[in-house]
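According to TrEMBL, the features are:
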type	residues	note
BINDING	Arg25, Gln26, Ala27, Gly28, Arg29, Asp75, Tyr152, Ser207, His323	substrate binding site
DOMAIN	20-29	domain 'Uroporphyrinogen decarboxylase (URO-D)'
DOMAIN	140-156	domain 'Uroporphyrinogen decarboxylase (URO-D)'
SITE	Asp75	site 'Transition state stabilizer'
Amino acid sequence: MTQTKTILRALAGETLETPPIWMMRQAGRYLPEYMATRGQAGDFLSLCYSPELAAEVTLQPIRRYGFDAAILFADILLLPQALGADLWFVTGEGPRLSTIQSQADFDKLKPVSEIDETLSPVYETVKILSRELPKETTLIGFAGMPWTVATYMVAGRGTPDQGPAHALKDENPELFDQIIDLLTAGTIEYLSKQIEAGAEVVKLFDSWAGSLKGADFDKYAVEPAKKIIAGLKARHPDTPIIAFPRGAGERYVGFAKATGADCVALDDGVTPEWAAKNVQNDSCVQGNLKSSHMVTGGQDLVDETRKIVAAFGKGPHIFNLGHGITPDADPANVQLMIDTVRGK
Ligand SMILES: Cc1c2[nH]c(c1CCC(=O)O)Cc1[nH]c(c(CCC(=O)O)c1C)Cc1[nH]c(c(CCC(=O)O)c1C)Cc1[nH]c(c(C)c1CCC(=O)O)C2
């Protein structure tokens, strides 16, 4: 089928005159309308599990800016919650979970066959969105990658160096591998259901891939990605997949080929000139403006945006930030970035 949606065209390998654009965390705290709807829901997790309100916050940045894609409003930590981990958010600090330190902790988790009992509201959000989005807007579903999700499940919170997960992987690899395998199977199931509900693309967030070195990167970033992508392609061969091994650096080279991803998302730790030569030669790329430009704005934002568009101009490219937009960003800077990309 010939695609008309720009993101799907780029993901199919087409070089477009103007790259399509969306933004990580585009529904979020920098938008007053998001804060209002979150207030209505009560808290962040209630918002994730209220299909009408989650769909509403997903649509807000589409209405305000006309992005080419909408990303489902949810969180990577809903899957561990559906597998039986306790999850809550501490305002101003971030997520907290029950920890997994022993075989007994792991054995308390639920099987993948039970995740839909918790996650069905998320599928309902996807269904609402596929009805309500403008016809030119692509709907992206997502999940966290096993390594990144495991770093939170093991430590019970975000950690600066993922130390507790590294320690468990080194000291009790049998247990650690069981966690990775459960998350791998769970992710295939969760994303398949999002696709069946109407997600047209899925993105795999491996936010902490950069702390895996050498053979660990192959075992815990490349291998799970390969399995998840193969599992999804077997069930949904036409759904493109974006992989985001954040912080991969040199390991971005060949990542799409090694895993079967249709596109790799780049963080701002690599230059667009280098990535055009070494990564875009293999696949579509997404990225990679520094999120801090959404706070600082001005001529630097315009210059850097133009530089990225030019560097990736000879191949398939989806414009995005190198990581999520932060709560202190100015919504006017987002408009300036979009206008610059679209040459207005
Ligand atoms: C590591 C990770 C998480 N969640 C996610 C990741 C991977 C991407 C990344 O590296 O940022 C992914 C995510 N989280 C959220 C989305 C929604 C879609 C989007 O607009 O991008 C997506 C794709 C909403 C969210 N997830 C969260 C918020 C803020 C919660 C709030 O409204 O108070 C949002 C909008 C909370 C969250 N969720 C998580 C953390 C560590 C935190 C706290 C830090 C923070 O506050 O930014 C886990």
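Yeah, the Cβs are placed from backbone N, Cα and C, and that goes for glycine too.
Where the annotation comes from TrEMBL, it is an automatic prediction and has not been curated.
Binding of substrate is attributed in the record to Arg25, Gln26, Ala27, Gly28, Arg29, Asp75, Tyr152, Ser207, His323, and the widest Cα separation among these residues amounts to 23 Å. If you take the Cα of Arg25 (substrate binding site) and the Cα of Asp75 (site 'Transition state stabilizer'), they are about 10 angstrom apart, rounded to a whole number. Selection of the recorded positions Ala27, Asp75, Tyr152 by a Cβ distance under 6 Å from ligand 1 yields, in sequence order, Ala27, Asp75. Look at Tyr152 (substrate binding site): DSSP puts it in a helix. For the pair formed by His323 (substrate binding site) and Asp75 (site 'Transition state stabilizer'), distance between Cα atoms is given as 15 Å, rounded to the nearest Å. Counting only same-chain residues six or more apart in sequence, the Cβ atoms lying under 8 angstroms from the Cβ of Tyr152 (substrate binding site) belong to Leu77, Pro80, Pro95, Leu97, Gly158. The most densely surrounded of the binding-site residues Arg25, Arg29, His323 is His323 (count of other Cβ atoms within 10 A of its Cβ).
Helix, strand and coil residue tallies for the domain 'Uroporphyrinogen decarboxylase (URO-D)' (20-29), in that order: 0 helix, 1 strand, 9 coil [DSSP].
Residue pair Ala27 (substrate binding site) / Asp75 (site 'Transition state stabilizer') shows a Cα separation of 12 Å. Taking CA atoms as the reference points, Asp75 (site 'Transition state stabilizer') and Arg29 (substrate binding site) are 14 Å apart. Cβ neighbour count for Asp75 (site 'Transition state stabilizer') (all protein chains, 10 Å cutoff from its Cβ): 18. Here the domain 'Uroporphyrinogen decarboxylase (URO-D)' (140-156) has a mean pLDDT of 98 out of 100.
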